[in-house]
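According to TrEMBL, the features are:
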- B:Asp40, B:Ser54, B:Asp90: Mg(2+) 4 binding site (BINDING)
- B:Asp40, B:Asp90, B:Asp234: Mg(2+) 3 binding site (BINDING)
- B:Thr55, B:Asp56, B:Asp141: Mg(2+) 1 binding site (BINDING)
- B:Asp56, B:Asp90: Mg(2+) 2 binding site (BINDING)
- B:Asp63, B:Glu288, B:Trp334: substrate binding site (BINDING)
- B:Gly140, B:Asp141, B:Arg166, B:Ser236: ATP binding site (BINDING)
- B:Asp237: Mg(2+) 5 binding site (BINDING)
- B:38-157: domain 'PurM-like N-terminal' (DOMAIN)
2 protein chains.
Amino acid sequence: MTDSQRRRARVCDLSERELLERIFPRLAVLGSPILGPGDDAAVVSVPDGRVVISTDTQTEGQDFRFEWPNGYRTTGADVGWKAAAQNLSDINAMGAVATSMVVSLTLPAETEAGWVEGLADGLVEAIRALGAKGCTVAGGDLGRGGELSVTVTVLGSLEGRAPVLRSGARSGDVLAVAGRIGSAAAGLALLEHGPAYGVLDADLRDVVQSQCRPIPPLAAGPAAARAGATALMDLSDGLLKDGDRMGRASGVVLDLDEAAIGDHAALLRGPAEVLGADPLPWVLGGGEDHGLLAAFPATSQLPHGFTAIGSVVPPAGGPGGVAVAGRPAQPSGWDHFAR
Amino acid sequence: MTDSQRRRARVCDLSERELLERIFPRLAVLGSPILGPGDDAAVVSVPDGRVVISTDTQTEGQDFRFEWPNGYRTTGADVGWKAAAQNLSDINAMGAVATSMVVSLTLPAETEAGWVEGLADGLVEAIRALGAKGCTVAGGDLGRGGELSVTVTVLGSLEGRAPVLRSGARSGDVLAVAGRIGSAAAGLALLEHGPAYGVLDADLRDVVQSQCRPIPPLAAGPAAARAGATALMDLSDGLLKDGDRMGRASGVVLDLDEAAIGDHAALLRGPAEVLGADPLPWVLGGGEDHGLLAAFPATSQLPHGFTAIGSVVPPAGGPGGVAVAGRPAQPSGWDHFAR
């Protein structure tokens, strides 16, 4: 069998064991937990008596398309990267450091083995490139289904600190963000309505990649915790929607600064021009960037990677929420169910 | 809105928050981890510096059908129960005790909210009825998809003990099982080829339920570990297939006793007669019972719940495997991919 034939074998032509034998060596490069894949369960070291845990599923047709309208073909490595990145971001958003993950894969019978190998490689690439040093893939599960989905569950260590919740923002705090804001939404717009991927320049391809391979700023979460952040959360569903959640959970209003929002929008002028679109809705409503939204005491020096984006003000008799330049804003953004 | 209307609302008519507000209170009855659902991640206590972790996905059409040929309709609570039970069994099979789980749900738009509420209730019912005392549901994820799937990831504590692997069986050991063997396969046969569920007697319904709501013997795993089991594993893919895995991992042959196999088959006379079937393939090849297969030193007293089913013998020059009455057996059983 040639290497190409080997990669193009469909999973229904392989036994579970044969497929696992292709996956395990690719993951082993990350090192080993106390007990790795191959038994009924894995065993992972937990240094400080508490473990942070988060789980997230990506499903074809919902979270990615195998082929986008602009011709971009999603690789297994893209899906593996994004599945890892999303989950690593949730750990980051607690101020914690990822230590290990387990992966449950549901595969249609006709899935090519090479695509699955690519997915394993993408997990590893993301863990390394994003700097989740010491994070291993401890185990997982394989099953068949009509559509392809990947569920990653990630564990993290608080390194002795308290978790930074979304409910701790206080009136008077500075509001700050780390990572790109709106870029993943601009990338999605390019994938769906933009020119053919093949003709995009490097800057626009980079915007597309921020949708396919988001880059959560993994050093920023623990740095925020060490700097005394009062609240911290992952920007996965859009600045207004996630801001509204933090505002309500904290009983305050997060007042976004119009100039700072404009600065983020200006960074998206390239894709906006190509698409004839306004970049502001991407910044305010676009999800999947996996940046961080944080509140810091006004006296804090913002840690590396954060820039101010507004301030925390009293709830003015309401339940708390989000505002732009003092005007209450309707939280728009991604909802998995509401139409 | 009446309670019936409320339950029959489809998930696409609800926001994510509204759906979560229906789920969280149902799970809260189990108690709380250090930090429960609602933030970017949950925080769970880990007493002994190591955590056991396992993950497993159930997908409609693969792991269950909403309506079976014999007319049985799978409830949300059935799916919740089975998802919890399968995962609790993996922790049990390491000799550990489950401490918490996270749940990722992928739901088609037309799923009724009441069905999802039932799923949450089924998780809780299983955790309580199976005796996973102290196990909480710490968090999860909701997403949309074309087919319904549930991924549970469970954490467990080794309570200071070493994990009991599948690779430790030694020649001379006694081989034993805990829990039902072949009953889930008999239940599947009834669901697929049996008389209408409505006309089945209580004994046959109980067999059907062993497929829909398996009962892993959760006390038996830690008991086996305390009794010095040399190897332990979950019987999820069939006695021969799982036995072959343990035999190969340990470099020994697991020699099953014909009379003991016959005793297990005799327990399935009821469904066998109704279906005109031989119960032996259910005992040897049937999966999803989530009993335990264990090896104990010959001098051990088998802990409560275990009965002997054979002995461990040398590999006779081969890689190890499984035999019946001294004759090497072909491992049949469930494989997710091979046709």
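Numbers here mean position along the shown chain, with the first residue as 1.
Cβ coordinates are placed from backbone N, Cα and C, and glycine is handled just like the others.
Shown on the structure are the features that TrEMBL records.
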residue  : record                 : DSSP class
B:Asp40  : Mg(2+) 4 binding site  : coil
B:Ser54  : Mg(2+) 4 binding site  : strand
B:Asp90  : Mg(2+) 4 binding site  : helix
B:Gly140 : ATP binding site       : strand
B:Ser236 : ATP binding site       : coil
B:Glu288 : substrate binding site : coil
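For chain A, the nearby binding-site residues by a Cβ gap under 8 A, listed in sequence order, are B:Asp40, B:Thr55, B:Gly140, drawn from B:Asp40, B:Thr55, B:Gly140, B:Asp237, B:Glu288.
Non-local neighbourhood of B:Thr55 (Mg(2+) 1 binding site): B:Asn87, B:Thr151, B:Val152, B:Thr153, B:Val154, each in the same chain, at least six residues away, with C-beta under 8 Å from its C-beta. Distance from the CA of B:Asp90 (Mg(2+) 4 binding site) to the CA of B:Asp56 (Mg(2+) 1 binding site) is 9 Å. Taking only the Cα positions, the spacing between the residue listed as 'Mg(2+) 5 binding site' and B:Glu288 (substrate binding site) is 6 angstrom.
Over the domain 'PurM-like N-terminal' (B:38-157) the predicted model carries a mean pLDDT of 94.
The binding-site residues recorded for this entry are B:Gly140, B:Asp141, B:Arg166, and the Cα of B:Arg166 lies nearest to that of B:Asp90 (Mg(2+) 4 binding site).
Distances between the Cα of B:Arg166 (ATP binding site) and those of the binding-site residues B:Asp40, B:Ser54, B:Asp141, B:Asp234 are shortest for B:Asp234. Across the structure, B:Asp234 (Mg(2+) 3 binding site) and B:Asp141 (Mg(2+) 1 binding site) are spaced 27 Å apart at their Cα atoms.
Set side by side, the binding-site residues B:Asp40, B:Asp90, B:Asp237, B:Glu288 differ in how many other CB atoms lie within 10 angstroms of their CB, and the most is found at B:Asp90. Among the listed binding-site residues, namely B:Ser54, B:Ser236, the Cβ with the most fellow Cβ atoms inside 10 Å is that of B:Ser54.
Neighbour density around each Cβ, counted as other Cβ atoms within 10 Å, peaks among the binding-site residues B:Asp56, B:Asp63, B:Asp234 at B:Asp234.
A straight line from the CA of B:Ser236 (ATP binding site) to the CA of B:Glu288 (substrate binding site) spans 4 Å. The closest partner of B:Asp141 (Mg(2+) 1 binding site) among the binding-site residues, by CA position, is B:Asp40; the full candidate set was B:Asp40, B:Ser54, B:Asp63, B:Glu288. If you take the C-beta of B:Gly140 (ATP binding site) and look for same-chain residues 6 or more apart in sequence within under 8 angstroms, you find B:Pro37, B:Val102, B:Val103, B:Ser104, B:Leu105. B:Asp63 (substrate binding site) is 29 Å away from B:Asp40 (Mg(2+) 4 binding site) when you measure Cα to Cα. A coil conformation is recorded for B:Asp63 (substrate binding site) in the three-state DSSP classification, outside any helix or strand.
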